[in-house]
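Engineer: So TrEMBL says this about it:
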DOMAIN    207-311  domain 'Hemimethylated DNA-binding'
Amino acid sequence: MVQNSINTLVTSRCSVFCGSNDWSRRSSGPVKEAYVFIGGQRLCLCAYGGRVASFGGPCKISRRTGLRVHAGWLFKGNDKESELDASCEHSERANEDILMFFFELDLATRVQYALNLEQYEVAQQLRNKLTEVESEVIKLRESRRGSASKSEAQDMAISILRLRADLQNAIESESYSRAAELRDEITKLEAKSLAASVKAQAYENANYSFRLGQKVKHKVFGYRAVICGMDPMCCESKSWIDSANIDKLTRGPDQPFYQVLVDMQEDPNLLVAYVAEENLLAPDKQDTDRFDHPYASFLFYGMDGAGDFIPIKQLREKYSQPRHELPYDPLDDENGKDA
């Protein structure tokens, strides 16, 4: 937050002082309009006379008379004039999901290592722990995905049949107040059942534009990323959806969302983001440039000839995704290159 209000302004000659006495820039000349953008206590951007200057300390501008002032935030975040930046799509849920996946892989590796050393008691203890973790992960995954919605819809369908039988009995016994209550309960349950069925169907018939391991670029924020997970619709909390302005997207929350690893060279703080399909773009040409992320070596074998990452078998099984094969080009053989 900006602690002090803008009580500045410059007239026909503009003098700007930044910081105490660390350094300053002065500029003079005719000024028609002055724009002061405040990004925080330690950063200021001033545009005047068609020129732009930025300063690294608290800004203090001497006051004169007769100027119009346009004040705003330095970082708008995107071309839609939103004040959001890339951090709005950071997802603790997605990061937790990836870390739990790491934990499963690590336990499975330890079980195999103990068996190789013929440490069967240790292997059994690890296997029991792995079973517990897998059960919890499955429950957590089903609560976010269509499996739970499908079983939930089936349970509600059975409940609706029972309530209808009770409704018929109430009508035959002329208990009309009870019948009215049962009718309202059936109506509410039918609405919930329909919503659960729609969600379950969305998971079964999901159609993704991007695949695991594919390098992408964020349409709004511009950073490079790689796909490491996918949902047919947004599985985040209502508070996250509101803070990320998901409802303002063209397709809203009812579109595929992707867990993406963000290139550390471009944004070292974001790490894992949860991004709507409409906000992602495939590169126009093969992206074989270096990509840095601490999770990449655990989730992928490496890069293929097109520069995309090759997901490990367990990751493909987690999302029921087929192995991606590069199209065969006979010219690659003639040129001595791998297809």
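Every residue gets a Cβ built from N, Cα and C, even glycine.
TrEMBL does not curate its annotations; it predicts them automatically.
These figures come from a predicted structure and were not determined experimentally.
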Engineer: Taking DSSP states H, G and I as helix and E and B as strand, how many residues of the domain 'Hemimethylated DNA-binding' (207-311) are helix, strand and coil?
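Structural biologist: The composition, in the requested order, is 16 helix, 32 strand, 57 coil.
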Engineer: Looking at the domain 'Hemimethylated DNA-binding' (207-311) alone, can you tell me the average pLDDT?
Structural biologist: 93
